[in-house]
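Participant: Take this structure first; my questions come after.
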């Protein structure tokens, strides 16, 4: 590394300005569990100086940074030399998200923390802790809870916290990752009051710009929103996870009934593309990812079964990485959206993404649905395609996380589905998902788990076959795979 | 990352430990555990310090746990001794002195010579994520076990 006095304008900004020392520059990799950056710094620097650079690069305050090297915490007063930190080595970084610990303890803290608690209604605080890792970026578009925004703004003034957008993002994120929180919030009387006023709810939803777009695109949706009965049902459901499950089960059943109607598949598919796709595009804009976009793309208006997986071998719900952004998004964000899916295409009646209305009323009653059902009945292949599409995967993931749900979901389909083939298909898919196995189509598990396999073999698990099996069984989760491997190894 | 270990070949202790030293410095792994020699001058490569970053969504979240790992003369044929320095309430760790019970940790109980310090640390971290552990009440941050 050439000695650099910092006067060269073309040098990029991460070079330490060597006012202090003109010694050799070294490149140190700084790794967080989520991120990795290379930082150039003088080899004589102190840990404090190092942290200064790091805080710039990672956008975090210096006192939030904890550096670990070779199992030791680096104190500000130490020097890199002291710890033998040399060029090319890696230092681990943990960014504390708040100066006071954000560990959620059994006792819910009444005092909201600096940038975290959001509750417009001072409902559960212990679960409103922000995620670990980098502070939330406020680059996300306004979320669905913008209706809550006013309220949270109010409390925001009291708390003097960061802008309410951030809070909303966090709340949203919390909600997405923690369905219990949602029901907790719902249980809060203030929220319930609010929700029992359908007009207010509708208002909130309508003011969300994405929803407005959605409504423009699809008048049926605004029609639904205008139906107070439906809204109320939605709220009921949101409030009551058990009821939600019930609903989903109903939908499962109803949907599987559809399978038996000739031409039913087409209808379902069209229902999906016409209604849900824009719906979820809107939702996606908030959540930053659209598990359904691929589906929307795959299902052209014409019947194109050949594009998606065929039946033998069983289609891979996860699909090739290219078409499914889902994997990158992880299941956290998709939990709420997709738990709703149950065994069915989520109804568009619930703007929160929670599957609401039973098929008997609401969406399915409309004339649109009738034609959909006709179409579906004309082409069974479509149904399969739809079911095997990427969005199923996200649903499957959430199902897998909640095995109860999965079993609920699979039972009705098993019992009510008259057609042997589809029954098998559904069961197999659900099992496959629950079992974590995957038929591979264009991406073999080996390729998918390449990285994990490498890690495992680096750890000394040399039996590649076994590693692969374990990874498949655990869906790529290295830690769980290790557990499996250790459990199965002869002692 | 070194090439696959051929089964049946016994790598000499120091070679192994030097390898682990290098991995520790290069940050091999997912960045949630760290390890290194306690004393750079320790030519026997016996005493190591480890660090585990408490996994998210558990009560250990955001905490850093310091450990002492001792690789005896028969390492890697024999498992290392592991002891928490930072106070922790975790099944398998003695409440009084932080010593990790060999029988409670699968990697130690069923030790293989292909395992390493990293494997042990990662396993301990995984234990923190188990249902039976993830909500155990913890002592205030910063406390250490008394020897």
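FYI, residue positions are counted from 1 along the chain as it appears here.
Any Cβ shown, glycine's included, is placed from N, Cα and C.
Copied straight from TrEMBL:
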- A:26-96: domain 'Ubiquitin-like' (DOMAIN)
- A:102-111: compositional bias 'Polar residues' (COMPBIAS)
- A:102-152: region 'Disordered' (REGION)
- A:112-127: compositional bias 'Low complexity' (COMPBIAS)
- A:128-143: compositional bias 'Polar residues' (COMPBIAS)
- A:291-353: region 'Disordered' (REGION)
- A:314-323: compositional bias 'Pro residues' (COMPBIAS)
- A:330-349: compositional bias 'Low complexity' (COMPBIAS)
- A:401-419: compositional bias 'Polar residues' (COMPBIAS)
- A:401-421: region 'Disordered' (REGION)
- A:448-488: domain 'UBA' (DOMAIN)
Participant: Could you give me the DSSP helix, strand and coil counts for the domain 'Ubiquitin-like' (A:26-96)?
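Facilitator: Helix, strand, coil within the domain 'Ubiquitin-like' (A:26-96): 18 helix, 29 strand, 24 coil.
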Participant: For the domain 'UBA' (A:448-488), give the DSSP counts of helix residues, strand residues and coil residues.
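Facilitator: Helix, strand and coil residues of the domain 'UBA' (A:448-488) number 33 helix, 0 strand, 8 coil.
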Participant: Would you report the average pLDDT that the model assigns to the domain 'Ubiquitin-like' (A:26-96)?
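Facilitator: PLDDT averaged over the stretch: 88.
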